[in-house]
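What follows is a set of notes on a single structure, which appears directly below.
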Amino acid sequence: MMDFFNNVFSWLPELLAATPLTLILTLVAGIFGLVFGTLLALARLSNILILSVPANMFMFVMRGTPLLVQLYLIYYGLGQILPGTWVRHSVLWPYLRDGFTYAVIALSMNQAAYNGEVLRGALRSIPKGQIEASMAMGMTNLQILQRVRLPLAFRDCLPVLTSDIIILLKSTALVSTITVLELMGTARMIQRESLQIYEPLIACGLVYFAVVMVLTNIMRPVESRLTRFRKGNA
Amino acid sequence: MVIHTYIEYMGWGAGGWGDEFFFGFLMTLKISLSAYALAVIFGFFATTAKLSKNIFLRFMAVSYTTVVRALPEILMVLIVYFTVAGLAETALVKAGFVDKGFQFNPFWAAVFALAFVAGAFMAEVLRAARLAVPEGQIESATAIGMSSLQIFMRVILPQMMRHAIPGMGNLWLSITKDSAIVAVLGAFSELLYTGYRAAAATKEYVFFYGVTAVLFLLITLISIAVIQWMERHLNRGYA
């Protein structure tokens, strides 16, 4: 039993060294996801069919299929198509040989679809009076979007967006299947090399648990600060 | 790039992958349904423990839901899959029930792993639904002399299910998608592993992963229709 725990702890330094990559993946995909998610939500709510229909389809497909399938489709699929095109000889190629790039693309697209759905709901639930008041003040559409609609929508759905970030952090573990050596990938590599089945996985679980707990506790004050105008949240 | 090659790829029998995908589709449904049923049981146990007066039970249930929900699904599935299969095999061999070299059926090990993860989320859904049933209803049932079992079956369950359906529906959708994770174990041919083998054998990655995605989308579409029907059914008399 003692040996078991010693083994578990002996893998911690190696796993902690892989943690920054997990955090970078979360951060980068989180930011891309938020930006594209906002655009998707706006496209979906637009009256222009050429914007709303593709946005709707994209969100439905991304939310209706497993992330793992999307990862494989992007990683292996682009790997099949790209070498035959001009991209093969462009400056982008070195990046496109790395699993990391595909991981970021897949995670961002997936996150954008989920964030888009949340933001769409929040944008739609803004009271009509707010927008009418801004129009009466003579704001342009862009100004209304920047100063009224987006700030209200973001604050409204902030708790859901933060829990989506935690879900994203957990989803990054899936990119270990496309050769990215983040936390989960490192644990599985150790598993293969050391021939220990449980110890690297348990150690990996400890690190994930710690990261999730820390992240949850960082989010909480941010959330209550941004929603401080709400009743009972003072 | 000719259409008829793709039709050939999806053919039935030795030459095509049509039958493999068909059985993979069924396998994914089988895994998801079994894991979901088991997750409901886990969820009910965990909720009961969480709402009980016994501190030890409450502690166990809270640790279960907190830890499982904080870890990536793929990690939990790997841990539970290896642990359950490994420990159960050793125990059965030691107890003399089975011969040496016995191997646990990987299907049930994977189902158990998925259900163990989903059960933690299920517990939260069921707990919220249970708390949504007004106390007065339970007090009235006690007052007219119903037993605990009767109260649960006739008063609590019908009313809490109405609140639980949206959350349980979402969990069903996520369990069908999470079932793709067992492809990583490579132990049996569900949808994604079938797609993986087909793509690796033919080098037609875009086509076969595309087919896999479409079939998963089909499961989602059918599920959404069924969930909407159930919601209407359970909400009858409330609209």
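Counting begins at 1 with the first residue displayed.
Placed from the backbone N, Cα and C atoms, the Cβ positions cover glycine too.
As annotated by TrEMBL, domain 'ABC transmembrane type-1' applies to B:25-227.
Positions annotated as transmembrane segment by TrEMBL: B:21-46 (among others). Among residues of the same chain six or more beyond the transmembrane segment (B:21-46), those with a C-beta under 8 A of the stretch's C-beta atoms are 10, 61, 64-65, 107, 110-112, 114-116, 118-123, 125-126, 168, 171-172, 175-176, 179-180, 182, 188-191, 193-195, 198, 211-212, 215-216, 219.
Among the features that TrEMBL reports, transmembrane segment is placed at B:67-87 (among others). Note on the transmembrane segment (B:67-87): residues 103-104, 106, 109-110, 112-114, 116-117, 119-121, 124, 178, 181-182, 184-185 of its chain, located 6 or more positions outside it, place their CB under 8 angstroms from a CB of the stretch.
Annotated transmembrane segment per TrEMBL: B:107-126 (among others), in sequence order. Tertiary proximity for the transmembrane segment (B:107-126) is limited to same-chain residues at least six positions away from its ends with a CB under 8 Å from its CB atoms, namely 31-32, 34-44, 46-47, 50, 61, 64-65, 68-69, 73, 76-78, 80-81, 84-85, 88, 160, 164, 167-168, 171, 174-175, 178-179, 181-182, 185, 187-188.
Away from its own ends, the transmembrane segment (B:205-230) comes close to residues 6, 9-10, 17, 21, 24-25, 28-29, 32, 165, 169, 172-173, 176-177, 180, 191-192, 194-195, 198-199 of its chain (Cβ-Cβ under 8 Å, at least six residues beyond either end). According to TrEMBL, the feature transmembrane segment maps to B:205-230 (among others).
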